[in-house]
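If you look up Swiss-Prot, you'll see Gly8, Met9, Ser10, Gly11, Ser12, Gly13, Lys14, Ser15 marked as ATP binding site. As annotated by Swiss-Prot, GTP binding site applies to Asp57, Ile58, Arg59, Ser60. Under the heading region 'Disordered', Swiss-Prot lists 99-124.
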Amino acid sequence: MRIILITGMSGSGKSVALNVLEDAGYYCVDNLPAQFIPELARYLADQGYTHLGVATDIRSRESLRKVPETITQLRKEHDVRMLFLTASTNALVQRYSETRRRHPLSIRNGRPDAGNPPSAAKGPDTSLIEAIEMERELLSPLADPAHRIDTSTLRTNALRAYIKEFISDEPHDITLMFESFGFKHGVPTDADLVFDVRSLPNPYYDTQLRPLTGRDQPVIDFLQSQPMVLAMAEDIRAYVEKWLPSFIADNRSYLTVAIGCTGGQHRSVYIAERLATYFRAHGNVLVRHRELAVDA
């Protein structure tokens, strides 16, 4: 059975991810304590199910410490992947302001008194920012072994498309994610390796190329005619290829390689696509253009 375990920050898009899994034919359960997942997997396997999606988060915080042990147990019999969704504090504050919902940890002890509504909880409430940072600290041990997605700048449609791509591949040793981004919008927090290509010739200064992207042929032709661009792409390729076996030996399931230029529209997009084309011959590869997804 393939099992996708979704966890991460409240408000980061876990419900969206779980809905994508459900649409793809997964049997999905929200807010299931980790210790119950193996029993559920056995039951569903006996019933003929082949795909299970489970979301567990801070609402089940008493069981969060058991997640690593549960993952180890499940991997003895199943293909298990773990997805960790996160977002910046500013992005989460804005989302909570828009929805007017309360953060699970904004109430004293993380939950109201038994039988009372949240507003009746005794003791002072934790501020939203304090609750977010508290949750981030509590969940931090789960981020490293998971594939992380920073949804700070992702629209819902872009996140849905990314999740679809994430679950579409077959089991393998490692997934390579090549992600383009613009430094003026911040470095992706889910990146394992970051390469700065801002020193390369910039198509932005050609008025005919400015509205295009690194996936458009005129921009590709321009960049491919620049020796510096080809040399930079080759050096990054060689670095990733040289050290990829070390990441695999470290039992990594995912490696996110972020390529950044100024705006994330031309140079980084082109190089990310070029690297993805090369490494597809070596295994499973995903591509994400962060700023293009935002502008889509």
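For all residues, glycine too, the Cβ spot is worked out from N, Cα and C.
Here the features listed in Swiss-Prot are placed on the structure.
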residue : record           : DSSP (3 states)
Gly8    : ATP binding site : strand
Gly13   : ATP binding site : coil
Asp57   : GTP binding site : coil
Worksheet item: What same-chain residues, at least 6 away in sequence, bring their CB to under 8 Å of the CB of Ser12 (ATP binding site)?
Response: Leu85, Thr86, Ala87, Leu92, Thr151
Discussion item. Please identify which of Gly8, Gly11, Gly13 has the densest Cβ environment, defined as other Cβ atoms within 10 Å, among these binding-site residues.
Written reply: Gly8
Practice prompt. Identify, among the binding-site residues Ser10, Ser15, Ser60, the residue whose Cβ has the fewest other Cβ atoms within 10 Å in this structure.
Written response: Ser15
Practice prompt. Do me a favour and check the Cα-Cα span between Arg59 (GTP binding site) and Gly13 (ATP binding site); whole Å is fine.
Written response: 15
Worksheet, complete the sentence: Quick note, Gly8 (ATP binding site) and Asp57 (GTP binding site): C-alpha atoms separated, nearest Å, by 6
Worksheet item: Here are the binding-site residues: Met9, Ile58. Which has the lowest count of other Cβ atoms within 10 Å?
Response: Ile58
Practice prompt. Taking only the Cα atoms, work out how far Ser60 (GTP binding site) lies from Ser15 (ATP binding site), in Å, as a whole number.
Written response: 15
Worksheet item: Cβ-Cβ under 8 Å from Lys14 (ATP binding site), same chain, 6 or more residues apart: which ones?
Response: Ile6, Thr7, Gly8, Ala55, Asp57, Leu85
